[in-house]
Amino acid sequence: MSYELPNNEKLLKWVEEVAILCEPDRIHWCDGSQEEYDELCELLVQNGTFRKLNPEKRPNSYLAWSDPIDVARVEDRTFICSLSKQDAGPTNNWMNPKEMKEKLLGLFKGCMKGRTMYVIPFSMGPLGSPIAKIGVEITDSPYVVVNMRIMTRMGKKVLDILGEQGEFVPCLHSVGAPLEQGQKDSTWPCNKEKYIVHFPEERSIWSFGSGYGGNALLGKKCLALRIASKQGKDEGWLAEHMLILGVESPTGDKTYVGAAFPSACGKTNFAMLIPPKPLQDKGWKVTTIGDDIAWIKPGPDGQVYAINPEYGYFGVAPGTNVKTNPNAMASCSANTIFTNVALTPDDDVWWEGMTDEPPAQLTDWQGNPWTPDCGRPAAHPNARFTSPASQCPSIDPDWENPKGVPMSAFIFGGRRKDTVPLVYQAFNWSNGVYLAATLGSETTAAAVGAVGNVRRDPFAMLPFCGYHMADYFGHWLQFGRSIPRPPRIFSVNWFRKDANGKFIWPGYGDNMRVLKWIVERVQGKAGAVESPLGWMPRYEDMDWDGLDMPREKFNELTSVDRDVWQNELISHEELFVKLFDRLPKEFLHMRELILSSLWRSPEHWEQIGDVHPEGWNE
């Protein structure tokens with residue numbers, strides 16, 4: 001350690017208590033320097049956890065392969081231990097906090113024997129931002145330290161801001177693998193028994209047994225969503241599982257938009273979107289603030305402002321390539337930690353979907369020889385890259401603005417092969433909250449459950465909301481009421497299929513066409529037609545330059561079928577029954593309003609002809 005200990009009494013006392021409990025061999029206070037990062041990466045190489053990649057192909061980058069039992073978030077081992085079970089709600093796992101603490105104290109007793117205890121002070125959000133929060137993670141994993149240096153602003157500069165009296169969220173992590181004297185360490189220490197536990201009232205996090213991703217990098221989902229969502233409810237702001245992007249128009253106007261999608265719906269691709277060439281040539285441009293999490297607070301001018309609390313990307317590698325997301329590929333071209341991807345013979349990385357043809361031979365994520373005909377994936381489906389956000393070519397110049405950026409629209413979307421139209425704008429804030437609360441997505445191979453079933457994932461926050469989901473809906477309703485100029489709310493669905501099971505919408509860069517309409521709606525420039533669900537673009541309101549999209553196909557993308565929507569509304573009921581005791585009563589009325597709107601419309605609502613409003617005057 002290359003600096004004096006901080007003089008924050010609460011922090012020093014907590015570190016001392018943890019050291020007595022966990023019994024590490026030594027304590028290292030992380031300073032966040034490049035030298036420290038390089039030394040720890042070298043230590044991980046010596047331990048066999050890291051392999052240094054080819055410096056000509058991937059400068060300053062490393063590959064780690066985890067234990068096969070430690071490859072993803074463990075939702076069934078994730079607990080919200082609020083004082084009252086009712087406050088956790090039916091969508092979270094709960095255990096009495098007193099019982100849980102006793103259990104954890106038993107597990108953590110002596111769990112760091114033979115290891116170094118690292119103290120990581122970190123800031124979620126730009127240093128000194130009024131929206132930012134400070135956390136301190138104690139861990140026995142150097143893998144966690146180096147990932148946290150990419151994912152957060154960390155080290156001595158954070159302690160300087162914390163000062164003597166500053167508040168912080170204590171985050172305690174251990175892989176749960178103590179070493180007896182002379183015992184050889186494993187390349188990926190972890191424990192079969194795993195607990196990821198949040199104590200919302202005392203704002204603390206305990207994680208045991210896993211060294212992987214969101215289970216171990218406690219600033220990410222644990223602090224930035226589960227603890228922060230509860231803090232936001234108490235203090236009047238929002239912590240959301242949401243990307244933030246900026247849209248620059250040909251006139252130079254900048255509009256910031258947040259978008260929430262469940263997993264496997266293309267969130268990172270959308271955050272780093274590159275417009276189609278005809279729209280680029282007209283001067284349209286997209287910039288990235290963040291790809292995963294947004295903290296949103298009301299500003300003094302009546303608008304809402306958002307920051308990306310993270311400092312890097314923890315992206316899913318499989319499926320990412322230069323066609324689908326060139327910005328993500330550029331982001332992980334150097335200074336990156338790869339986890340559970342495959343290794344090429346020349347010490348570079350590969351994963352499914354990276355190239356059209358796989359290499360003739362690889363070493364797979366479990367260290368075994370791999371060939372294209374061996375019948376198993378080379379990279380784990382949840383393989384990741386950890387890359388600095390500053391390396392993203394589309395990064396917005398204001399991505400570290402401590403005030404945040406002003407938000408004009410929120411977009412919610414899932415993966416639906418039918419039912420939900422390409423895009424529509426909610427009639428008002430409450431209607432928008434309802435559409436986000438009933439967000440559904442068909443399960444893919446990435447999620448547990450039968451493929452094709454619709455899983456309700458309200459606001460894409462189901463695994464990440466740190467308190468009762470119905471109270472969360474109420475908080476959103478109240479948040480909008482308290483703002484003079486709330487953002488507009490939109491629904492999108494890129495995944496609608498035709499009768500032959502083919503996607504109707506091209507997606508990827510062409511999503512810019514929908515985004516352009518959304519931005520122009522917010523600015524009061526774009527037309528729309530009233531549908532039973534909300535305001536929808538007419539064919540002529542969209543920019544089709546460079547895309548062959550017949551009117552009939554567009555009508556198919558935007559049609560609303562009464563029978564299908566009646567079934568959809570019945571399935572909303574399942575969620576509402578689960579949350580009934582605290583569900584905002586407006587929701588039941590809103591459901592009736594949508595039903596009434598469907599019955600007052602044609603059985604199969606579809607856009608017709610080339611009708612312009614001025615045509616009515618003839």
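Yeah, the Cβs are placed from backbone N, Cα and C, and that goes for glycine too.
Under the DSSP three-state reduction, Cys265 (active site) is assigned to coil, being neither helix nor strand. Swiss-Prot lists Cys265 with the feature active site, giving sequence analysis as the kind of evidence.
All chains included, 23 other C-beta atoms sit within 10 angstroms of the C-beta of Gly214 (substrate binding site). According to Swiss-Prot, the substrate binding site annotation covers Arg73, Tyr212, Gly213, Gly214, Ser263, Asn382, Ala383, Arg384.
Under the heading Mn(2+) binding site, Swiss-Prot lists Lys221, His241, Asp292, citing sequence analysis as support. His241 (Mn(2+) binding site) falls outside any helix or strand according to DSSP and counts as coil.
Taking the Cβ of Asp510 (GTP binding site) as reference, residues of its chain lying under 8 Å away and at least six apart in sequence are, in sequence order, Pro276, Leu547. Marked as GTP binding site by Swiss-Prot on the basis of sequence analysis: Ala264, Cys265, Gly266, Lys267, Thr268, Asn269, Arg384, Arg415, Tyr508, Gly509, Asp510, Asn511.
Within its own chain, the compositional bias 'Polar residues' (384-393) is flanked in space by residues 147, 150-151, 213, 272, 288, 290, 308, 310-317, 326-328, 330-341, 399, which lie at least six positions past its ends and keep a Cβ under 8 Å from the stretch. What Swiss-Prot records for 384-393 is compositional bias 'Polar residues'.
Marked as region 'Disordered' by Swiss-Prot: 375-397.
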Cα-nearest neighbour of Tyr212 (substrate binding site) within the listed recorded positions, Lys221, Ala264, Cys265, Thr268, Tyr508: Lys221
Gly214 (substrate binding site) and Thr268 (GTP binding site), Cα-Cα, nearest whole angstrom: 17
Between Gly214 (substrate binding site) and His241 (Mn(2+) binding site): CA-CA distance (Å): 13
Neighbours of Arg73, Tyr212, Gly213, Gly214, Ser263, Asn382, Ala383, Arg384 excl. site residues, C-beta within 8 Å of centre, substrate: Val71, Ala72, Phe314, Val316
Listed recorded positions (Ala264, Cys265), ranked by Cβ neighbours within 10 Å, top entry: Cys265
10 Å Cα neighbourhood of Gly214 (substrate binding site): matching recorded positions from Ala264, Cys265, Gly266, Asp292, Tyr508: none
